[in-house]
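Features reported for this protein in TrEMBL:
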| type | residues | note |
| --- | --- | --- |
| TRANSMEM | 39-59 | transmembrane segment |
| TRANSMEM | 65-82 | transmembrane segment |
| TRANSMEM | 118-138 | transmembrane segment |
| TRANSMEM | 144-162 | transmembrane segment |
| TRANSMEM | 174-193 | transmembrane segment |
| TRANSMEM | 199-223 | transmembrane segment |
| TRANSMEM | 235-254 | transmembrane segment |
Amino acid sequence: MKLGSATEMSNALRLAIGTFTRVPVPPPDVINRLIGGQAMALAPCIAVVLALVCGVPLLGWQTQIPHALLATLSIAILAWITRGLHLDGLADVADGLGSNKPPEQALAIARKSDIGPFGVLTLAFTLLIQVFALTACLDHGNGYLAFIAAVFVSRIGLTWGCIQGWPAARADGLGAVVAETLPIAVPIIWTAPALIGSYFVFGALGMAAITAGIISALMLFVLCRKRFGGVTGDVFGAAIEISMTATLLVLLLAN
């Protein structure tokens, strides 16, 4: 992936903002694999801004407001500002993987707009775990930083899904635009400072949390390549949610 011209970077930034948030921006003048890859490389940047804004309720952790309510508010705001797309992807992927059908049929199930029982259960438990883990982090006094770290790492996990080795499962959709568009240097460049920063903030458990978040995303990519034949936009959304959840689960142990 090359950096490209100012026009290409502008298109990539607009694509990234339009894809990962509900913030109204002009659509890109053109969308191709170069711009798609650049947009995915910008995902962690978008994530930091999202986390800083959506995590504002967590700053009230020393007030009389219940920590569970503060955690729920931040998770809900994040879901709203991202249009619930990642959660929708998680539910769709869960339905596809839980179907035990051959790859083509499993992929078709995941692509349906309706949600099945596996999707409902996965969505419910994931949100419950996120709220529980974030509440525990608030009890320890590090909820805001833990939230920022988890959202940031979840988008780093996304960049790992755009390197060589994870082909697009379909010829259309987001997966076809961004699959295998990033050199491995991009996720490494994002992962290294995340590991270092987490160590200084949370200690060794912080590094373990970053590692858990990324590994959980990679495990999903491996599974989806086997079951679907590759990655899709839904898979990327599911990876974001799973990575965030895994990171929070480890960070709740930090005090």
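Even glycines carry a Cβ here, placed using N, Cα and C.
Predicted automatically and left uncurated, TrEMBL annotations should be read as such.
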Counting CB pairs under 8 Å, which listed stretch among 118-138, 144-162, 174-193, 235-254 touches the transmembrane segment (199-223) the most? 235-254
For the transmembrane segment (174-193) and the transmembrane segment (118-138), check the count of CB pairs under 8 Å (sequence separation 6 or more) and say whether it reaches 3 or more. no
Below 8 angstroms Cβ to Cβ, which residues of this chain, lying six or more residues outside the transmembrane segment (118-138), approach it? 58, 61, 67-68, 70-72, 74-75, 87, 90-92, 94-95, 97-99, 146-147, 241-242, 244-245, 248-249, 251-252, 254
Report, as numbers and ranges, which residues of the same chain sit near the transmembrane segment (235-254): CB under 8 Å and 6 or more residues beyond its ends. 85-90, 92-94, 126, 129-130, 133-134, 136-137, 140, 142, 146-147, 149-151, 153-158, 161, 169, 174-175, 178, 202-203, 205-206, 208-210, 212-217, 220-221, 224, 228
Please indicate, using numbers and ranges, the residues of the same chain that are 6 or more beyond the transmembrane segment (39-59) and have a C-beta under 8 Å from a C-beta there. 1, 12-13, 15-17, 19-21, 70-71, 73-74, 77-78, 81-82, 134, 138, 143-144, 147-148, 150-152, 154-156, 158-159, 162, 178, 181-182, 186, 190
